[in-house]
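Data first, discussion second: the structure below is written as structure tokens.
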């Protein structure tokens, strides 16, 4: 038979047991699913599918004499899994794997006279690449890109020609190292000053700010052997590639082929700093923190720039809603029940993988400390590879290994879980309801004084950090200041339907926002990324004074609700611009969503309408947003002979594409097995429960925070803090520690829980 593609053979699909767990794992020879022995998931798989034979894989760490251990290869580049780069995850220990053909029902080895039948497939599984290596930890290295400023760089006619590099110094001070040469005019300035006062004096940056010259090259990094140099674009605030570096340098009197590197490049300095760190420890203010472990204190292994994913998950599971729903002290029973109920491959079922993550985080089975060389303790985390792949499979960015925005991922995850709830209607509520609240928007025309009231559905608050952009962190603001800035009254351009009858000009309107309902979980995102001098993207690093408890009653709407006062004149509904509406529909937007953009969004031109639709995408992406279209699609598939339940599920899996859903149904004939499908008609709603929105309770308690480390707007590292057992716990990927001085004031996102949401409603378990 042909060789197999990537095979999951390291981690159980229903829990986080792996080859090193008691009994190891069994890879099914029929479907190539991977199931553990100790938690009896191999037996469960046999009972569900009838698949009989598996390949048992057990890994043990081989003890080796350190004196005989070959020296580790030197890491010479910012890379993973390539020559000169860091090794792939899991390759640091000497591992020996034994394999045995077994019966999945009993775990007993196959008889000797039967093994020959499966020898070929056994060998193919052993040789197949692991799914983890193929998907998440495949080779990666730092990739520099060309930007518009380097691609279309124009050099001055009278640019300077510098002399020998060894005789060059900064034009504004006496520094002779870390010098940056402006590729536009030939100015030589020193590098940026570090926070501890080391480094340069910012003269290179100041030159770019004053002249608008975007690109500089680090003199000491120019290398003839590599044919490269450190090129920095101040406008992008990133290291870039210069496709015409040789000619640009030649214009400034530097022959690239004659240059020798005299200083470390930026990548080499980053690599040196990274290699100097002990990645089994977490630090605060340079002090090593005390590792901790146990239920709720289990870390998540970095899967390749996945710190945003791990931080969001840790904060979500710090709330009662996620803990109760996805763990509920039921152990593996809940995971097992949903596996028997599900008709999807377990590695692709988002809801099932969320239950698996809940068990992994809160069972205590995986949150413990390992002893490494010299009895140094380090935490053992879990790797939610299948969940990340299942959640992100329809999103090109979240499915990549690139760093992503944590706030954007949270909104995407909530919409994904909402889609899951449409399938598991009786068992999984729409978790988006735990985050949703209504905001009342009031507009009053400045000319005729007429008013308009709009109800806007939100799932979080974005608040500005209104302070001057500075090089240090001296500014101090409070979270209340940020909330007031976000919800303050403001003047906006407005096309009043009354004034438009007498004048074609746009008028102004005062706009105010007040909270009409209050969600169970309130994520607050601080806008720490902005535009600085020279239109360069910068990160605002001001410290915020954050209360552990907050009351939002100051921003609560009046008792009358989102209704006009007796003495107010209500403006008539705006006439929808049919021509503009048709343009939006032709662009692919749903008609209902386009109408909302023109009415609720008060958009009078195509550009504003598209911007509004993109900004409110999480609402418009909701599968329930256009139920009439969904019903029509379901009816079409039912008329073709498919059951309504199967049709709905296929549409959910295929982003409501009728053609793709039809292909999906033909490729999944096993869904016709009536015994595996339970017909359900009603969804569980959180409305009316302590997890739903409230109109009275406005008191909140801080349960988690996400901090973005680093000064760059396009890179960096996320860590999470949650409040567990009267302590703040720091989650830095798989490293979990007690935080003595948490950096809550530097957080990018805060997670507040409404204080009355502590009671836990009981949800049914599938039978």
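In case you wondered, yes, glycine gets a Cβ from its N, Cα and C as well.
Not measured: the values here are computed from a predicted model.
Around residue 307 (active site, nucleophile), the same-chain residues six or more apart in sequence whose CB sits under 8 Å from its CB are 403, 717, 718, 719, 733, listed in sequence order. Per TrEMBL, active site, nucleophile is recorded for 307.
Annotation note: residue 717 (active site, proton acceptor) sits in a strand segment as assigned by DSSP. The Cβ neighbour count for residue 717 (active site, proton acceptor), using a 10 Å radius and every protein chain shown, is 16. The feature active site, proton acceptor is assigned by TrEMBL to 717.
For 170, 173, 190, 203, the entry in TrEMBL reads Zn(2+) binding site. Within the same chain, residues at least six positions away from residue 190 (Zn(2+) binding site) with a Cβ under 8 Å of its Cβ are 170, 172, 173, 175, 178, 179, 180, 200, 201, 202, 203, 204.
Residues annotated as domain 'UBP-type' in TrEMBL: 145-256. Secondary structure of the domain 'UBP-type' (145-256) per DSSP (helix as H, G, I; strand as E, B; remaining residues coil): 27 helix, 21 strand, 64 coil.
TrEMBL lists 298-755 with the feature domain 'USP'.
Here TrEMBL flags 564-616 (among others) as domain 'UBA'. A mean pLDDT of 74 is what the model gives for the domain 'UBA' (564-616).
For 624-668 (among others), the entry in TrEMBL reads domain 'UBA'.
Other Cβ atoms within 10 Å of the Cβ of residue 203 (Zn(2+) binding site) number 21 in total over all chains. Surrounding the centroid of the Cβ atoms of 170, 173, 190, 203, where the record places Zn(2+), the chain contributes additional residues within 8 Å, namely 169, 171, 172, 174, 175, 179, 189, 200, 201, 204. Neighbour density around each Cβ, counted as other Cβ atoms within 10 Å, peaks among the binding-site residues 170, 173 at 170.
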